[in-house]
């Protein structure tokens, strides 16, 4: 960059970006002092909240659906809510506090990871508290939701014992003080089934009588163990306004909402159930009458901590990883939202329903964590199209005024700059991943920045090298033709504004990333302001020292002036881009793998693309100005050199002669001689070579640093690699045998199957396992990873290792053998396959039905046709169904009864099914113990079968 701008200009740019980055980073890590156990009862206390976190995550531990842990957690939370009720009875006679424990079963359809599939569930538990003011004038209620179950093999401290603890402590603080005034009911839903694709939230919303009163909701979540709590999704103007007015540390950005709406994020929250209307199905039990439930379409906000996703869904999600002050910050904000939202709902004639209907789409973003700007989308439809009107008007004014500026050239160059800023880091980062080490930057953002920032700079400037070395531009530089250079600046700036304006208008109108267009609006307005300032102020108003202009009309509009005029865009976009950069560097470890040629560098290339786009958003629109400042600097230097040459040639002042006329000096004459224009090839080689050298040097420096790392696999015990580890038993003949049987009668094959969640090859893990030399790796067979569907659609790195079962394991698996009953019947041209699946444990089922299915038992009152998850290789539709359950007394929950119909009685429905036990076994423990310390396993035991009907 110094080559392009000169050392002084590069330093000024670097200084401004450094200051903004420093302030942003500090705003995310400036946490409040935690309040201790003796804090006033009416205040949120992190100490009291963390006691709940430690009980859930450290003492109880894993709380997965189907385990004893989730039921123990439910009992503990019930006792906490009973304590809150006792406090309310003693301290708040103005409040009615009710508790309910809901056991819910149901089914619904959801699209997740770009894959539609069906979900059914049995006996999931919700622990619910309702606080209702006795003088409330409306039945409307604000729902505060948090889930207390955890992901497989994770104690779930941040995700989401902390969320639950925050909800409990907020409720406790409200009932403990007269100053905490509610105007409407507040319902605190502690749900026990989010990690199984939001089942428990669906059960509450479709079946609990209190759900009918809910008009707004706040969903508390976490995707990492620390960081500021951020509103990353909202469809409620009421709640967002409550957040803006009341939150102590407001942070929000709608960009993440747009990214989630694209469906490319391998994650989802209960917000999807509460906010999105979809067709629900019947109860999964045949004894319960089927009905059609319409759920969702509620206004609400999704708020979460988002840093340190490296511990997300791993065994490292422990309470000790959460920094002091994080829960205090989160809890203070949630409590402020609850109280303010209740007040606003109470002031409304219909308890917030009107706001819910009128809201639904807002643009919002925070400015350095100090305040949040928000406006409704109907305003955005106008505001986001204003830049296009302004840019078009300016271009038209130039045409009418007879000023020729290269707008088309500027637009083309800017587009190429945008492409370059994304492709350059993809190429160099990808090559680093392929040739040096994949994901070497994981947990080390400075290594990523060492490569990505210089390569993005090079990619964004490269098109301007070729534009500014055209003959016309070189002539203007060589002859110090200030008007010509300024016309190039105006043309390129208007061209970039035209591109950004068209993007802003298109995104807003088409609906794709429609809210994110606000960033382009700010850039265009900043660019127009800079141009107007340069043309009006610097060109027309002389300075006190009379040095505003220099030879041939150059003015003193320099890099500092450019940065100052673009400061609003820089503050907003750099802040957002840095947050996105840090978030995705961590989150990429759960975003899949590929087995294509670029497989090992899959994550590196995705990060390169994301960073390139973020760099373009936060730096790209400055490049036309910075390229101009460089060209202007070169022109001034060449002009000064000619002056010095002319001075050395003779007189520097005109010589007076008779009749008042002057005679030009030798110097003046020298200045007017034809100027030698530098060759284009040499200019391109010097500038482009300098940029390429910058890229190579940054890669070389980062590679040297990578070589010093402890693990060749980029991971460590603190920043682990996630690996799905499955002990797989394929049933002989596709079905469990009936009655007594031996291992050889029941099991066709036994193996160990692994699935890599990131792009670092699994082969490294297998090589580093104890006893690796004895392992025989092969590719998993068809459906061997069925239990992990649908994440297997974007996680492709898998391996199967032949490992025979020992005598002890054989006895254990026979004792846990599932059973299957299938009965086919035909009635009125419809064939029905009735299925009963049972297991001695609360299993996680995944069923894949291939063929012309027309209806499931859990969708019989749904008038819409079945939606296939995907098409098989032969073009037939396949329908995926996932089922989970908790076991109640008497074995209730161990049986799953369902049926599927086809309107083609002669057709066969082919069914693959897997049932998984997520509890540990001695064999799994032994395998996990052999894995290297940088691996975080997700272990399960799976039985795989097939049948036709």
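The backbone N, Cα and C atoms fix where each Cβ goes, and this holds for glycine too.
Automatic, uncurated: that is what TrEMBL annotation is.
According to TrEMBL, the protein has these features:
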- 6-25: transmembrane segment (TRANSMEM)
- 126-337: domain 'Peptidase M28' (DOMAIN)
- 414-440: transmembrane segment (TRANSMEM)
- 446-467: transmembrane segment (TRANSMEM)
- 488-509: transmembrane segment (TRANSMEM)
- 515-538: transmembrane segment (TRANSMEM)
- 559-585: transmembrane segment (TRANSMEM)
- 605-630: transmembrane segment (TRANSMEM)
- 683-706: transmembrane segment (TRANSMEM)
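Here the transmembrane segment (414-440) sits apart from the transmembrane segment (559-585); fewer than 3 CB pairs are under 8 Å, leaving out pairs fewer than 6 apart in sequence. Scored on C-beta pairs under 8 angstroms, the neighbour of the transmembrane segment (605-630) with the top count among 446-467, 488-509, 515-538, 559-585 is 559-585. Within its own chain, the transmembrane segment (488-509) has Cβ neighbours under 8 Å at 380-381, 384-385, 387-388, 390-392, 394-395, 398, 403, 405-415, 418, 464, 467-468, 473, 476, 516-517, 520-521, 523-524, 527-528, 530-531, 534-535, 620-621, 623-625, 627-628, 631, counting only residues six or more beyond its boundaries. For the domain 'Peptidase M28' (126-337), the model's average pLDDT works out to 88.
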